[in-house]
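Quick look at what TrEMBL annotates:
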- 71-90: transmembrane segment (TRANSMEM)
- 102-123: transmembrane segment (TRANSMEM)
- 197-217: transmembrane segment (TRANSMEM)
- 229-251: transmembrane segment (TRANSMEM)
- 272-296: transmembrane segment (TRANSMEM)
- 316-338: transmembrane segment (TRANSMEM)
- 359-384: transmembrane segment (TRANSMEM)
- 390-412: transmembrane segment (TRANSMEM)
- 539-561: transmembrane segment (TRANSMEM)
- 567-590: transmembrane segment (TRANSMEM)
- 602-626: transmembrane segment (TRANSMEM)
- 605-655: domain 'Cationic amino acid transporter C-terminal' (DOMAIN)
- 632-650: transmembrane segment (TRANSMEM)
Amino acid sequence: MKTTMRTRALWRRKVVRLQEEDQQRRTRPTDQLARRLRVLDLISIGVGSTLGAGVYVLVGTVARERAGPALTLSFLIAGIAAALAALCYAELSSRLPCAGSAYHYAYTCVSEGIAWIIGWALILEYTVGGSTVARGISPNLGIFFGGEEHLPGWIARQTFPGSDVVVDPCAGLLVLLVTALLCMGIRESARVQSIMVVLNVLVLVFVVGAGSWAGFSSGWKGYHQSQGYLPYGVNGMLGGAATLFFAYIGFDTVASTAEEVKNPQRDLPLGIGFSLFICGSLYMLLSAVIVGLVPFNLIDPDTPMSSAFDEHGMPWAKYIVAAGAIAALSTALMGSILPQPRILMAMARDGLLPHFFSTVHPITAVPVNSTVITGLVAAAMAFFMNVDQLSGMVSVGTLMAFTIVAVSLLILRYLPPNASKPVIQVWPPDKGAPSVHISPSTPVYACEVSTLFLPVLSIFSDASLQTLPGHGSIEDLNGVSSVSSSGSLLLQDGTGDQEANAAPNASPVSSRSALHESLLSIDDTTTSLPESNEKLRQWVAVFAITGAFIGVVLISLAAAVEELPMLIRWVFGLLGTPSFVAASTVLFLIEQDEGHHKFGQAGGFHCPWVPALPLGSILVNVYLLMSLGIPTLFRVSAWLLLGVVVYLVYGMSHSQLSSELLKEEQTHQFQTAT
């Protein structure tokens, strides 16, 4: 029994109850995050998290070693690949505007076990990412003091006597400062971040403007090279795009603030989309200027912008570039620390972590305990550790999250998590037409009443019930569906209303208890053909999604992991390619579930080109994940293994769904015994 419960616990899913959560927000405001963010706040958060200091170095490294003058095309291709994941995030975040981001989507659409792995990986990503960003502040700050060695002693890097440990007080202090700012409130921290984002963008605009002037003056000599526009060929350009993909990471921070957005259905997709567009445009303009000023093989990989201006007689520009880098580091640090407390809070709400992490401050309306713990850990790592070797692990958590978000979107479209049909029942004539209880987010399936128990005719939701003729708002209906004046249960099939032939002379029913009084069990053997076809469609969708994912993994192993023997790579490729093609073809041919548009919050953004777009996102992310190398994957596996132990020891037994699962087991045992 315990083994069965543990196995079922791994695959249980959380039911979305957005209406109940909104009610809790009104009745217990101190336990909930405050909705204070607007679309401009989201854009500043997204741009600040994405447009980090890496761009000040990355353009030189990729141009010199991978792309050459085609760096702009590499940024374009990387931006398109990132847009695939961004569109998936846009739909899920607007449909499920709750804290937790990819963890929450995985828990709702996939399973608790997968959600825990994603949440645990994101904890590592944001902690290490924040520490890595913080340790980059000292070199840039040292430019204003004539070198890093001239920094004041209380912020300069120092080595502990008798050891190789290099402490960075500046990095630790910066993390603590950002943590204190985040504890003051989401709106306050967003305003400060907006100021730093504006400074960073102005510096990049200066680089583009001043660099263009210098380029036109010198004739853009970087584009007049004997090697041509593609010195490393198309493969080099694509390899550069794979590296530059990580420069677009950061828009997922916008999704983590979903519970604090005033109008999430409208503002979250706009915030994610505009953030990506602004960053992509700046990246492409910046790269076009830099590779035109200096021949790609002469670009300084460490300081590409400053060295380019030095060569054109503008050495003073390095101070402006350094100021932009410091602003970029600050906003990127805020973008790294901001999401993690919300993920910890979401996991604690679900019982997978102690309740301590879900405490929300009554005044600032932020998860203060999670924020403080996150800041202290990140500050300690930034102060004591050289986390450069761990920086590759940051990308693993991000790519895993992007992958599971795309998988969740496929499940949402083909297998809506809450779209499980309840038992179809009938009622005696003297009870009148039945009332159907409206779940906040679970569609209610109604059927035409007859002695043959005919199949499901339509899906009722809060939105569709409001369109029924002769009835008012959902509140007026007291939580039940309407009946016509003749006592018939009104059904809507998307083209018009129908009347199910109810008992003659039946009177309308409008009480919640009428459902329980009037509905009787139906025999399990009376299954209609359309319902059987629907179950078949769902099973086909399950195997198709699974087959496509397995195919992507095998293809990525064959294409990206060079450490594997060539024979094994060929075998993986020959097995993965037909699996992916066949499964993708099946997803294109079968219909998407009728209830997908009723899942979660009504009126949210709909991702276009499904299933092609999420399948492309999965392919890109898994390939990049495998290309990080076996050593990096092994290091992350050690962290994930620790997470599995924590889940088995604490999370599984304390989960909010454990009590429900235990009740199911007890009911099953009772039925077996009787």
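First residue shown is number 1, and so on along the chain.
Any Cβ shown, glycine's included, is placed from N, Cα and C.
All TrEMBL annotations are machine predictions without curation.
Contact counts against the transmembrane segment (539-561), taken as Cβ pairs under 8 Å, peak for 567-590 among the stretches 71-90, 272-296, 316-338, 359-384, 567-590. Long-range neighbours of the transmembrane segment (71-90) within the same chain, counting only residues 6 or more positions beyond its ends whose Cβ lies under 8 Å from a Cβ of the stretch, are 59, 62-63, 101, 237-238, 240-245, 247-249, 251-252, 254-255, 268-269, 272-273, 276, 279-280, 283-284, 287-288, 290-291, 296, 402, 405-406, 408-409, 605, 607-608, 613-614, 616-617, 620-621. Broken down by DSSP into helix, strand and coil, the domain 'Cationic amino acid transporter C-terminal' (605-655) contains 41 helix, 0 strand, 10 coil. Packing against the transmembrane segment (316-338) from elsewhere in the chain are residues 45, 47-53, 55-56, 126, 129-130, 133-134, 136-137, 140-141, 143-144, 174-175, 178-179, 181-182, 189, 192-193, 196-197, 199-200, 202-204, 206-207, 210, 250, 253, 256-257, 303, 305-306, 309-310, 371, 374-375, 378: each is 6 or more residues past its ends and has a CB under 8 Å from a CB in it.
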